[in-house]
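S.K.: Can you read through this structure? Questions will come right after.
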Amino acid sequence: MEPVTIIGAGLAGSEAAWQLARRGIPVALHEMKPRKMTPAHHSEYFGELVCSNSLRSDQLENAVGLLKEELRRMGSLILACADGHAVEAGGALAVDRHAFARAVTGKIRSHPLITVAEGEVTQLPESGEVIVASGPLTSDALAGAIKEFFPESRYLNFFDAAAPLVTFESVDMENAFFASRYDRGTPDYINCPMTREEYDAFWTALCSAQEAEVHGFEDKHVFEGCMPVEVMARRGHDTLCYGPLKPRGLRDPRTGKEPYTVVQLRKDNAEGSIYNLVGFQTHLKWPEQKRVFSMIPALKNAEFVRYGVMHRNTYLDAPRLLDRYYRVRKAPRISFAGQITGVEGYVESTASGFLCAVELAHRLQGKPPVDFPQETAVGALALYISNESVADFQPMNINFGIIPPLDHRVKGKRNKNAELSQRALQALEGLGEI
Ligand SMILES: Cc1cc2nc3c(=O)[nH]c(=O)nc-3n(C[C@H](O)[C@H](O)[C@H](O)COP(=O)(O)OP(=O)(O)OC[C@H]3O[C@@H](n4cnc5c(N)ncnc54)[C@H](O)[C@@H]3O)c2cc1C
């Protein structure tokens with residue numbers, strides 16, 4: 001059998017390669033790293049997480065928790081590696097990013113049916129089955145070829161920022177405390193409190209700090225889910241206090257009270273030697289990041305091992321171009337997977353790689369496709385991004401709003417979400433062996 005060409009060994013491409021190979025289908029996986037790096041990728045490994053090390057909530061009352069559970073039950077490579085290299089993060093699934101990426105790479109490289117081809121792909125292959133999983137930072141040459149391939153369509157984009165990392169050693173623990181919000185789970189976060197006066201000075205400095213120049217960036221082009229902290233700050237004095245700096249459920253042991261605001265740090269590696277600033281994605285100039293973030297008392301001597309950066313994220317107008325299996329409507333031998341399809345986030349990118357590979361495997365083996373119902377998170381996401389009635393298409397995180405409601409009333413949002421998740425998992429079970 002001719003190998004399937006996959007372009008990009010990120011989260012979606014690695015998942016897709018694995019799902020095809022485990023179903024007996026050979027894969028030629030093309031990855032340009034380490035010869036050529038995108039502006040946000042730094043390592044030679046596959047499945048590199050470009051910003052946060054968190055795959056977000058791992059609870060079934062949360063839609064991304066459901067999406068993870070579905071993928072786990074269906075044998076996802078990315079979920080297995082994430083679970084295998086998790087670091088404590090309250091109710092979230094966070095990973096040691098290097099150990100995780102090394103594990104993904106090891107699995108892919110050692111599979112006998114996957115051949116890795118190093119180097120940039122600059123054209124869409126003219127024949128054969130293809131999955132394009134080159135991500136939001138697809139290289140310019142390939143992005144140009146994709147644009148040409150869809151002359152009928154607009155090419156959409158938005159801006160995505162990453163948060164800085166600091167060393168644990170450099171955090172002043174005299175001015176910080178370990179806790180999880182509302183004491184749920186284990187006390188995994190470092191909490192850096194600020195008084196009203198400290199916050200006022202910090203907020204004023206943040207609002208006027210110098211931003212790095214990013215071509216074509218204006219505040220209105222940010223995705224609400226990952227807005228730079230300085231853009232959020234400019235929306236008003238209290239915006240951060242109700243957002244990433246909210247103190248709810250965090251009592252400072254020194255005072256026994258909730259502080260005015262709290263900056264949370266999450267463990268970034270298994271050893272706990274590096275932490276990331278939760279919600280602090282930013283595109284300030286690097287010296288400005290150091291100056292302003294060091295105004296947080298616990299970070300006054302912080303050593304930054306990586307600064308935040310921002311990049312343009314490109315995606316297709318999927319509702320008009322792709323079908324429910326992420327296949328190109330006008331050329332079904334080509335599928336797209338990952339963030340380039342307009343799904344937003346690590347787990348969502350993984351889910352699209354999973355689904356498109358399962359469909360392709362079934363097609364190549366002469367089996368009927370698996371039609372994941374809208375009740376499942378995997379299905380709901382694919383149906384949303386291929387829904388032609390969505391006119392102004394924006395990047396989409398999984399959420400319960402795109403899953404059909406229950407046919408009966410349930411008291412309380414958490415209970416309702418838990419029931420939606422149970423229904424989804426039953427629907428998945430009803431599909432049998434996938
Ligand atoms: C700056 C930034 C920060 C982000 N932060 C988060 C976050 O904190 N949390 C979150 O959930 N999501 C985040 N995202 C969004 C998204 O979830 C990630 O980008 C995710 O990695 C997307 O997975 P993917 O598989 O689609 O692409 P990627 O993981 O980017 O993988 C694409 C791969 O394709 C390769 N490639 C590109 N062009 C070519 C080519 N021409 N030939 C061969 N190989 C090529 C790349 O080197 C890369 O390895 C962020 C995105 C950006 C850009």
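Using the three backbone atoms N, Cα and C, a Cβ is placed for every residue, glycine included.
Feature table excerpt (TrEMBL):
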DOMAIN    4-367  domain 'MnmG N-terminal'
BINDING   Gly8, Ala9, Gly10, Leu11, Ala12, Gly13  FAD binding site
S.K.: For a quick check of packing: other C-beta atoms within 10 Å of the C-beta of Gly13 (FAD binding site), how many?
M.R.: 29
S.K.: Taking the binding-site residues one at a time (Ala9, Leu11, Ala12), which has its Cβ surrounded by the most other Cβ atoms within 10 Å?
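M.R.: Per the Cβ count, the most surrounded site is Ala12.
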S.K.: Please report the three-state DSSP label of Gly10 (FAD binding site).
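M.R.: Going by the DSSP assignment, Gly10 (FAD binding site) belongs to neither helix nor strand, so it counts as coil.
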S.K.: Enumerate same-chain residues with a sequence separation of six or more from Gly8 (FAD binding site) and a Cβ-Cβ distance below 8 A; give 'none' if the list is empty.
M.R.: His30, Glu31, Val132, Ala133, Ser134, Gly135, Thr138, Gly338
S.K.: Measure the Cβ-based neighbour count of Gly10 (FAD binding site), defined as the other Cβ atoms within 10 Å of its Cβ.
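M.R.: By my count, 31.
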